[in-house]
Amino acid sequence: MSLLEIEKLSMKIGSLSLLKDIDLSIAPGEVLGLVGESGSGKSMTALAVMRLTPAHAQMKGRISFNGIDILGATEPQMCALRGDDIGMVFQEPMTALNPVKTIGEQVAEGIRWHTRASRREAEERARKILDRVGLPEQKFALSRYPHELSGGQRQRVAIAIACALKPKLLIADEPTTALDVVLQAQILDLLKELVDENRMSLLFISHDLAVVTEMADRITILRQGTVVESGDTARTLSEATHPYTRQLALASTHVPARVRPHVEEAGADNLLDVANVTRDYPGTRRSLFSRPEPVRAVDNVSLTMKPGASVALVGRSGCGKSTLARMILALDTPTSGAIKFRGLDIAGRSEAELRRPRRNMQVVFQDPYGSFDPRHTVERLVAEPLHLLERRPDRKERRDMVARALHEVGLGRSDMEKYPHEFSGGQRQRLSIARAIITRPKLVVADEPVSALDVSIRAQILDLFAELNQKLGVAYLFITHDLTVARAITDDVLVMHEGRIVERGKTSDVLSQPSTEAAQALVSAAPDLHRAIARRLQEQG
Amino acid sequence: MTAYLLKRLLIGAATLVVASVVVFLMLEVVPGDPARVMLGMNASEAQVELLRDQMGLNQPLIVRYLDWARGLLSLDFGKSYTYSVPVIDLIRERIVVSFPLAVIALALSTLIAIPVGLFAAARRGRAGDTAAMAVAQIGVAMPNFWFALLLVYVFAVWLRLVPAGGFPGWGAGAWPALKALILPAVALALPQAAILARVTRAALVEVLGEDYIRTARAKGMPMRAVMWRHALRNAMIPVLTIMGLQFAFLLAGTIIIENVFYLPGLGRLVFQAITQRDLIVVESVVMLLVAAVVTVNLLVDLSYALVDPRLRTRQ
């Protein structure tokens with residue numbers, strides 16, 4: 001008999017249909033992976049089980065959990081279930097914890113609420129579960145606040161909250177999407193262990209097929225609010241009989257066809273020369289009178305890039321890769337060392353002096369939602385870098401340049417009058433690329449440019465990057481913790497760890513045979529769909 | 001944390017110094033000679049000159065400022081020109097009316113605003129919210145002296161529950177004295193409460209959209225408990241900020257309200273002193289009010305650190 005049974009669940013908000021006839025079931029102790037692209041209804045399905053859906057959502061169908069009719073239950077009945085029999089872990093560890101309460105309070109709170117335990121007892125149990133999720137009290141006192149912990153540690157606290165009362169069902173909604181690959185692997189292992197130990201069922205939601213394959217016994221694939229296919233994980237994904245399943249599987253392992261741009265390799269001058277760059281930040285003051293110890297974010301880094309090159313800068317979160325990128329873009333000044341772009345030293349220059357280099361280097365950010373002013377038209381947004389040009393184009397020239405940039409990224413001239421909210425996430429990332437290439441830069445720095453995108457969109461954007469590299473001869477510096485991106489689109493790779501570049505070389509060599517510990521950790525933690533399917537099939541015999 | 005505290009204290013002290021200079025200079029440029037006002041219209045030029053000498057008004061500006069500032073520090077505010085008694089005595093006599101009035105008004109506005117804000121935020125978008133915010137909107141728009149007159153009409157003239165004005169003094173017993181302060185306190189508090197309720201609601205609505213609220217709900221806590229235990233404290237920072245800023249308006253409001261209710265408080269003292277060119281009284285009372293505002297804002301800054309642990313570790 002299944003623990004959770006969803007039958008013909010439909011959900012509407014106003015006239016917008018979010019879910020349509022969802023069927024899904026989880027047996028006790030089973031791990032079900034719920035896969036789909038953004039907007040496919042994965043999270044809404046999970047929230048429906050918790051009955052934490054938006055206030056105006058109308059639901060039809062049946063959800064039965066452990067014999068209880070969820071949609072018919074009263075609010076007090078639901079409160080009794082939530083946190084006790086059903087625990088939930090959310091995607092964003094940085095915001096999932098209350099910033100003004102200690103981690104001990106936050107874990108103990110649910111225990112006290114459900115068991116009526118005394119403060120002391122609840123704290124004792126909180127201590128135990130925090131210890132179990134890898135936050136022993138000696139190092140992580142219960143009196144710590146969330147801001148004193150890293151993202152991975154906060155996700156451990158969130159897991160402790162969800163698992164404190166050993167729920168029958170744990171729901172994990174993209175629990176590792178915001179973490180780097182090494183942390184992801186650790187958190188996934190922790191979830192697996194907890195599920196085994198407590199014989200919990202797990203509803204594991206992810207957009208990442210490789211991660212789901214590692215975790216789930218069975219998968220259910222959602223698309224636009226309906227179930228496309230559901231079945232045994234390894235079989236479903238290896239046979240990929242359904243066209244959408246096949247499309248997803250192909251997209252998540254997509255490697256763009258690349259033609260190297262024509263660049264005279266040996267003779268060409270370096271596009272970028274970074275020599276012995278170090279960046280210190282002031283540390284936190286220990287007492288009023290002692291000088292704070294500086295924190296070294298980037299430590300004696302040197303690198304060069306040729307025109308038209310495509311280089312990946314990979315490393316775990318907090319390793320200093322974004323700081324390095326900011327210095328290369330002259331948005332931050334090195335504490336020591338020199339950065340030369342096309343022969344010109346850019347460190348410590350005035351904005352006026354930086355106009356020419358800025359024209360030749362542009363940036364694409366991770367979040368296609370946050371990087372546009374929602375009140376500006378596309379024409380204005382994409383034309384933004386044009387003020388860097390020697391001669392201001394007139395209105396007609398400007399429109400022509402915007403139109404050409406839009407055309408190059410696969411959008412049309414008519415998109416010029418629109419506003420950012422009229423575009424999907426993938427289209428918005430195209431807009432940021434259009435904005436980056438409008439001044440014909442020689443270097444584009446892309447900071448996690450595809451990690452916020454769905455797999456199929458991501459494949460398209462990678463194709464676009466590859467095409468522009470060839471067509472415009474623009475060099476790329478990709479900053480990422482995702483090795484599949486590095487593999488797909490770069491020739492050389494730099495592995496960064498604790499502020500230093502610890503390994504460098506041809507991407508294919510370094511990623512197939514990493515020699516340093518830091519690189520090995522990244523490579524072995526990186527989820528890989530083919531490997532995961534093979535392992536599962538082998539286990540099943 | 002110590003560094004934060006020291007920095008706040010220094011900023012507060014600097015504000016007081018700057019304010020004292022501004023207050024002193026402002027009254028220097030106001031037309032009207034206090035010596036002439038004291039002696040009346042018929043005094044001769046020589047008499048006025050003599051008095052000016054006695055009062056030290058003929059000394060250089062900087063000397064007079066330093067004299068005055070030194071006096072302020074030792075609570076020796078000098079003698080009133082019109083009453084010929086030490087200013088400190090006047091203040092002592094009046095502060096026992098104004099201080100309780102301000103405290104009652106502040107407490108009242110907080111006690112009204114926060115529950116209303118919670119109520120509206122919990123029902124956001126529904127009828128209760130709309131009604132509460134409509135009332136608050138009227139409260140924001142209404143001038144307090146007019147509202148005061150309305151209160152007098154209803155509660156003093158019509159229902160005869162409280163006196164329409166005047167103050168019997170604390171010697172007449174706590175209850176009659178408090179009774180005389182109720183209407184003025186309500187008149188001061190309600191417009192403030194209206195603003196504060198709107199701020200509380202807005203802050204709560206924003207906090208309720210945060211991920212950690214969902215986490216708390218997923219623990220199995222009912223909405224009401226989530227509001228009190230998780231949302232309110234996180235919403236307190238903007239509320240405290242507005243409370244600190246409003247305190248200055250509250251003090252300014254007392255000048256009007258004390259006149260409407262004929263209360264012998266600091267507000268009325270300063271109002272009379274201005275019309276009588278009793279500059280030394282004006283300067284002293286204004287400095288006292290500045291000190292009160294600075295102190296309240298210092299307390300607000302410290303309370304941030306109590307509310308939000310992130311501010312304790314940062315400097």
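Along the chain as shown, the residues are counted starting at 1.
Glycine too: its Cβ is placed from the backbone N, Cα and C atoms.
Curation plays no part in TrEMBL annotations; they are all automatic predictions.
Per TrEMBL, the feature domain 'ABC transmembrane type-1' maps to B:95-300.
Residues or ranges marked as transmembrane segment by TrEMBL: B:9-27 (among others).
Only residues 6 or more beyond the boundaries of the transmembrane segment (B:99-122), in the same chain, are considered here, and those with a CB under 8 A from a CB of the stretch are 128-129, 132-133, 136, 181-182, 184-186, 188-190, 192-201, 203-205, 208, 223-224, 227-228, 231-232, 239, 243, 246-247, 250-251, 254, 257-258, 263, 265, 292. Marked as transmembrane segment by TrEMBL: B:99-122 (among others).
Marked as transmembrane segment by TrEMBL: B:134-158 (among others).
According to TrEMBL, the transmembrane segment annotation covers B:178-197 (among others). Counting same-chain residues at least six beyond the ends of the transmembrane segment (B:178-197), those with a Cβ under 8 angstroms from any Cβ of the stretch are 97, 100-102, 104-106, 108-110, 112-114, 116-117, 120, 132-133, 135-140, 142-145, 147-148, 151-152, 155-156, 162-163, 165-168, 239, 242-243, 246, 249-250, 253-254, 257-258, 260-261, 263.
Note on the transmembrane segment (B:231-257): residues 98, 101-102, 105-106, 109-110, 113-114, 117-118, 121, 144-145, 148, 184, 187-188, 191-192, 195-196, 199-200, 202-204, 206-208, 210, 213, 263, 265-268, 270-271, 289, 292-293, 296-297, 299-300, 303-304, 307-308 of its chain, located 6 or more positions outside it, place their CB under 8 angstroms from a CB of the stretch. Annotated transmembrane segment per TrEMBL: B:231-257 (among others), in sequence order.
Sequence annotations record features per position, and here TrEMBL assigns transmembrane segment to B:285-307 (among others).
Sequence-distant contacts of the transmembrane segment (B:285-307) (same chain, at least 6 residues past either end, Cβ-Cβ under 8 Å): 1, 4-5, 8-9, 12, 15-16, 19-20, 23, 72, 91, 102, 233, 236-237, 240-241, 243-245, 247-248, 251, 266, 269-270, 273.
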